[in-house]
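The next block holds one structure in the form of structure tokens; read it before the comments.
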Amino acid sequence: MIAPSHGATLTIDLGAIVANWRRLAAEANGLACAAVVKADAYGCGLARVAPALWAAGCRTFFVAHLGEAVAARALLPQATIYVLNGLLPGSGPVFTAHALRPVLGSHEEMREWAALGVASSRPLPAALHVDTGMNRLGLSVAEALALAGDPLVRQAGIDLLMTHLVSAELPAEAINARQAADFSRLRAALPGLPASFANSSGVFLGSPAHHDLLRPGYALFGGNPTPGSPNPMRPVVRLEATIVQVRTVSAGESAGYNGRWTADRPRRLATLSLGYADGYPRAASGRGTALVNGVPCPMVGLISMDLVILDVTDAPEPKRGDTAVLIGDGLDIDTVGRAAGTIGYEILTGLGSRYVRHYVTGPEA
Ligand SMILES: *Cc1c(COP(=O)(O)O)cnc(C)c1O
């Protein structure tokens, strides 16, 4: 039952997140597994997710922004916390004040971080990001290979070597092997440094992709890291909305803004109290689905700001106050993403703040 004050309820299963974290480590034979908890833990709520993972034994966390890292530090006083977007000019004192580690991606960042280490009279820990194909963040492979024997590596406190996969979810792509080969050369040139290579999908590329520390995000939150194959992860997110009205329309009547849908025969329509302002993408108009009494019902017409219209003709007798399931019961975030012409990542990170949120702790294994 959804609180009458709210249109929709988001239920997040912390036990499933922990089970997924364990499952990913097990996939790599018990290797150390970090958690990527950027973007408010992929929309699932850092304040609840981070302590649950810490309690399960996770010790290393990655976020994108320094502000996210400061928030994570307040929740995780003992954890190792890396900031993926690196060291921005002038941000050094915030890193040191909260014992945070930048993921350094250029000589300039390395030198600035090394200078902060000198000021603190010892090198401060950081990761080194090498760009092996993304052309987004990190030193080029050539620049990183040239660091062999350079004291800057020690001065900048480098304690983790990492790169990011371009197409990990497409195992047949040749770039995976090229990135793996470059990463092996880097490791040989910079010996003694622990290394991190695999995001969620990378974990499933097998042992050459594992190295020392796994770095998954999406799969922790129930996303399928192996598209095209059954999802090995437990679902985490459940989204339910209230039916606020049910009506019958005759053949030829339209529904929603601009009359983009027209009934071909008499239809039962149910209006749900959730819309794009809740983070349910308008791009899923005419393509999304919700479950009513277990029956998949198509969305019709354009999704509005606060409302979605469902064709419930085939569902058994829905009535005002009933709930429809938008995510859950087998309707997963990857499917919702496809319906909206995007990926499940964007569905998760767009989960709105209007939902009433419930946290449950299902089995952790
Ligand atoms: C977001 C991110 C990850 C996690 O990727 P998933 O596909 O969500 O597992 C890992 N590493 C870097 C550098 C990232 O930006």
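Yeah, the Cβs are placed from backbone N, Cα and C, and that goes for glycine too.
The Cβ of K38 (N6-(pyridoxal phosphate)lysine) has F62, V63, A64, H65, E68, L84, G217 as same-chain neighbours under 8 Å, each 6 or more residues away in sequence. The N6-(pyridoxal phosphate)lysine annotation in TrEMBL covers K38.
Positions annotated as active site, proton acceptor by TrEMBL: K38 (among others).
Less than 8 angstroms from the CB of R136 (substrate binding site) sit H164, each of them six or more residues away in the same chain. R136 (substrate binding site) carries neither a helix nor a strand DSSP state and counts as coil. If you look up TrEMBL, you'll see R136, M305 marked as substrate binding site.
Within the domain 'Alanine racemase C-terminal' (236-360), the DSSP-based counts of helix, strand and coil residues read 22 helix, 49 strand, 54 coil. Residues or ranges marked as domain 'Alanine racemase C-terminal' by TrEMBL: 236-360.
All chains included, 12 other C-beta atoms sit within 10 angstroms of the C-beta of Y257 (active site, proton acceptor). Positions annotated as active site, proton acceptor by TrEMBL: Y257 (among others).
In sequence order, G275, Y276, A277 make up the list of same-chain residues 6 or more apart from M305 (substrate binding site) whose Cβ falls under 8 Å from its Cβ.
Following the DSSP three-state reduction, the secondary structure of K38 (N6-(pyridoxal phosphate)lysine) is helix.
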